[in-house]
Amino acid sequence: MIYHCFSSSLTPDLPLLLYFSLLFIIFGFPLSLSDHELYQNCRDAVFKCGNISAGFPFFGGQRAMECGRLGLELRCDNKNTTTIVISDIEYRVLAIHGDRHILRIAREDLIKYDGLCSPQIIPTRNSVLNSELFSPGLGYANVTLFYDCQSSISSRSTLGFFPCDNAGSTYSNVSVATRNNIRPKRCSANVTVPILRSSLEGSLNSLLGLKEALKRGVEVQWYWKDSKACGKCNDSGGACGFFGPAENQTVFCYCPFMFDNSHDDRQCIRIVSSPSPTTAR
C-alpha cells in the first residue's frame, strides 16, 4: 500500500504517480502496489523467459512478489535462462508442468561452462530436494562426485574416473560413485547430486556422458497446504496471492474494484454501498 506521508499541497502540479516516483528516486522510499493493482497483477501477469512461462504460485519478472509463494521465485538472465534457488543452490529450470505441479531442474553450477570440474558452491554443497515446498519426483538416483581423491574407489561402486583437462578447472579429476557408504580418503571435495535413474544404464561411461546426464535434470514436485483456499478465492472473483513472513506465509485473496475481503481474507465480497439520505424539503 502507498501511504501519503507528505502533504500533496507541496507539489500541486505533479501527478500523484510522478510525485511518489520522485520520492522514491530522491529519498529511497519503497513503492508497492495497491491491493487493486495486485489483483490485476496476480490475475494477469505471467513470468516469461525463453521457453518457460509460469503463473501462480510463482513470482518473478512481471509477477509481483505478493503473487507467489516465497521460495518459488523465478529469475531470468540475459541469455533467457530461467533459474530457481532451492535450499540455497541455484538450479536451471528446464520445464514447468503446472497441471502436475512439476519442475524439471538441473543444478546450474555443474552444467554451466565446465562446471562439472569447477563447482561454484564453495564449499561444495549437496543437492537437497526434500523441503517444505518440494519433494523429489520419481525415477531419479543420487550420485556423488569425488574430486582429487588420494585413495582409489572400488570399481564396483564407481561409474567412472575422469580427468579434468580444461585449463580453467578447479580440480584435476572427478570420480562418480553410486553407493552412499563410499567414503574415499583425502578428497579435496565431494558433492551429491540427483540424476535420472535411466542415466545409470551405461550413459556415464565418459565425461561427456556424465555432463549430458546432469543437463537432463530431474523432476521435483511443488506443493502448498492452502491450495483449496486459492480455489475459493478464484471462485469469488479474486486473484490468489500470499501474505506474511516466510515461516508463516498464508494465502491472501486480492480483490477487484468494488469488492472487499471476507473476514478470513480468503474470498472477495461485493461492497454494498448504503443509499444516500434524501434531503428534506
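Including glycine, each Cβ sits where the backbone N, Cα and C put it.
Annotated features in TrEMBL:
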type: DOMAIN; residues: 42-107; note: domain 'Wall-associated receptor kinase galacturonan-binding'
type: DOMAIN; residues: 179-256; note: domain 'Wall-associated receptor kinase C-terminal'
type: TRANSMEM; residues: 16-33; note: transmembrane segment
Field: Arithmetic mean of per-residue pLDDT over the domain 'Wall-associated receptor kinase galacturonan-binding' (42-107)
entry: 94
- prompt: With DSSP, how much of the domain 'Wall-associated receptor kinase galacturonan-binding' (42-107) is helix, how much strand and how much coil, in residues?
  reply: 9 helix, 32 strand, 25 coil
